[in-house]
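Participant: If you scroll down you'll find the structure; I have some questions about it.
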Amino acid sequence: MDDEPLARERLRRLLSEFPGYEIVGEAGDGETALEVVDNEEPDLVLLDIRMGGVDGLQVARQLAEYDPPPAIIFTTAYSEHALSAFDANADAYLLKPIRVEKLKEALLRARRPTRAHKSPATASAVSNERPKREFVLATTREGLVRIPAEDIVYFLADQKYTTVCHLHGEVLIEESLKTLEEDFAPWFLRIHRKALVATRFIASLERERTGEQHHWLRMKHAAKPLPVSRRRLAEVRRFLTES
């Protein structure tokens, strides 16, 4: 993320010298950067600090709350932001103009396990197991409602709340997707940072018919398709092939 197109172009050239790194998106402002991270789920984000609107430090603080958070490298022309950058959980701090050897050091410091979860083959192999929990509880106008795991089509997170789409409608709960994934793991597959789906209700994987490389998962008993992030696409394809 950098508000200067020339700076982004130089960074692309530098990164092209390192095998094993794929650029999945770029942004000229903080709001767009957060959208790109939501859609692409990168392992690493490079952020400029001084920008109009949402700056790099604010973006980093929001990314630190993600599960799991991406690694963060700050790229800036101002050395006085170093302390604030590391307070925002930065893995490295690079001063412009960025030199290739310094970028190499920063990439090594930021290296961490990928965000990929266990393979769908494993998930498929244990699908006959029972999850830790067999229902969720939701508070509705009718009172406390118990929704069996067998009836849940998907979980969709949105800030504080998570939507539970089930065979008889939708409800909101205040549980995190991380907790739900751990508790219902044998029967559910993460397809996006914000979406967890019941494998038994997966209908098909579709590709958007435009120039964009977006994929959507259609679910039985659900009106709208769900987005599949680039990071999770291989897992979803593998699951559909092997199940």
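Glycine too: its Cβ is placed from the backbone N, Cα and C atoms.
Below are the features listed in TrEMBL for this protein:
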type	residues	note
DOMAIN	1-111	domain 'Response regulatory'
MOD_RES	D48	4-aspartylphosphate
DOMAIN	135-242	domain 'HTH LytTR-type'
Participant: With every protein chain in view, what's the tally of Cβ atoms within 10 Å of the Cβ of the residue listed as '4-aspartylphosphate', excluding that atom itself?
Facilitator: 25
Participant: Average the per-residue pLDDT over the domain 'HTH LytTR-type' (135-242) and send me the rounded value.
Facilitator: 91
Participant: Using DSSP and three states only, what is D48 (4-aspartylphosphate)?
Facilitator: coil
